[in-house]
Ligand SMILES: Nc1ncnc2c1ncn2[C@@H]1O[C@H](COP(=O)(O)OP(=O)(O)OP(=O)(O)O)[C@@H](O)[C@H]1O
Ligand SMILES: [Mg+2]
């Protein structure tokens, strides 16, 4: 890599270790002015670590960062960093208890001494309007949807005037239309000459918005190339180090006489969904598709007891768990992967072993004790099965890369051999190879006789389903058997047909 | 991707936010009404002034704890500082015969020295918690025992009575018709409300308590701010010790012992979250008032000492529920 005049940022020979883990090994990249540069790699390849080094949150053990050919500012000089690079991190940096306005101007609420709240709100509304974000600056950040929070983060990032923005997996939590809106925004920014670094596990997105792509594998830089010179299969091969194999959903037949493991009738929740009837047989995978406002996530959350429906009944395995009660739903034999893994998914300070075996703790020992050797061996099995990149079962989940943390959540859902499984966006932020492993383990569970409901914003995930129910404005409007085409499904999701 | 559009009308968020500080106001009104039925003395200015004066020392510790809780940390050792800081400071002044060290430094230095000791304890807590990344709960639990132990060891477990006049002044003086302790506490609360409401440094406590990583990314020097908060907390606890000493005229071996429960109760019913990032100083103040009024009513009513604890605890629970209902939000 040679530095050129037009390099906005250059990272050279960066090495970063976390204890025994080498997150970056003599890796680097150069991003030229005006381009949108993709950084791809498997979970744990070191992408987010590079982001924290490029934004001055962490110091590399070795190597240097240059902005426009000049050495990066001192770590303590946050203002200087923020004038050079803005970032939307993989983990949200919105503070839910504060207003949107204060989040936008956090730690710079005022130039002078006293904060003038009214002026702050006006300024914040100005920033939101300027970047076309339709949110009231006075609302509480905790009340925003994931997309809205992200827009606030983007508006905040831009408001510092940096001409270089890093987006770490911005699309992982968004649905189709929201992603299109984000891309429109990114294109408009590029036209204004803003340089971007974009991280995603959705390779088609790389082809859609990026001009250059850099691949990291096992903490090392593998290749940097113009996007058009690196076709999909070559890109996958660079990421995984092996030739790409196309993903095939397994052929399966649902036994029409298999018992119904999850039955729902007349389910409704005011403002979210109404009149939902659903029956899932053992061995069957049912997909739930729909746009962000379709109510599919609300429905799935009601199935697992995270929300209490207003009307209707849910029965799991023939028993009716207490509505809105997660423990009794789990006890009835249901496993689930929640949408917001940072909130409901795992306990960051506990180890992988503890997190993954939480629902089966009672099976690992007697009289309320937990045998740690049994837990270890169970956890090791899960780590292998789901290909979790870690130093071992004792590593706290909070230290894992984003995608690997997601795998722990699925491991937990599967730990109790549930007879019914509800998974919400299980592959958000998961790399292409791991995605197959994750979907594969849902298929395995079905093969063992479990019935599964799979909620996803990704059409590819839904291919493993025996049938897909499409929701629109809170109602199930269409049922598509296996073999649907993308355009058919998208049309149904958008309510045009 | 959350399905609902949950945006409020312009302004609703902020205005609701204002009200949330005041969810205990109905409780306070109920207590005032109930108190006036219990005893006609209750609503007299003399009695209410008395309530405020009695609570002023506790209130300062609540202020300290609220700052620390909002920043997402914990300090249990404050109650020990309330006793130890004034005791040790005074021992530098008084003669050996009165229980001092025999150094007999000028009496005017006693109060500054006391505050300095409080600050030093806070600084040491901060040092252990931030430098060694230890849990604030465990560190300050140990420090609660250590600091109190130091007081017991140095004083030989005895109370100190022969105190310099100047040290007692603040706890007993009357300024413009109100006890000085009320003025001091009131002013410090006003300063706290202003700092956390209108100054960047104060707002940074909310950011740190809400999401320390985000605060760091926003350029807040998280460790430095937290350290200052611990030091301010220790200093306020020492000042509370000065007021309490002045009010009672002496320092007993268990001054401050057991306060921390009341402190947490006041802060939490006042809406300060134990998880950090939520609550206001004004809310904490209403919490103190509730506790003070309840205590006063129980005393006036002549509830026997053995039953006081029970009634006390029950009323705190009720206050919690009322503030939850009035506030509408889950309390954490
Ligand atoms: N604070 C930390 N402590 C210990 N290990 C860490 C820490 N941060 C990252 N790691 C480790 O460093 C490696 C790289 O992590 P990083 O978050 O950079 O991956 P990533 O490429 O962003 O992955 P993903 O696509 O899953 O987000 C991982 O093995 C991770 O477990
Ligand atoms: Mg990452």
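Backbone N, Cα and C atoms are what each Cβ position is placed from, and that goes for glycine too.
Annotated features, as they stand in TrEMBL:
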TRANSMEM  B:21-43  transmembrane segment
TRANSMEM  B:55-72  transmembrane segment
TRANSMEM  B:84-103  transmembrane segment
TRANSMEM  B:109-130  transmembrane segment
TRANSMEM  B:137-154  transmembrane segment
TRANSMEM  B:174-199  transmembrane segment
TRANSMEM  B:225-243  transmembrane segment
TRANSMEM  B:255-274  transmembrane segment
TRANSMEM  B:281-298  transmembrane segment
TRANSMEM  B:310-327  transmembrane segment
Contact call for the transmembrane segment (B:225-243) and the transmembrane segment (B:281-298): at least 3 Cβ pairs under 8 Å, seq gap 6+: no
Positions whose Cβ lies under 8 angstroms from the transmembrane segment (B:109-130), at least six residues beyond its ends: 73, 75, 77, 81, 84-86, 88-90, 92-93, 136, 139-140, 143, 147, 164, 166-167, 170, 223, 226-227, 229-239, 241-242
Per Cβ pairs under 8 Å, the stretch of B:55-72, B:84-103, B:137-154, B:281-298 packing most closely against the transmembrane segment (B:255-274): B:281-298
Highest-contact recorded stretch vs the transmembrane segment (B:281-298), from B:55-72, B:84-103, B:137-154, CB pairs under 8 Å: B:55-72
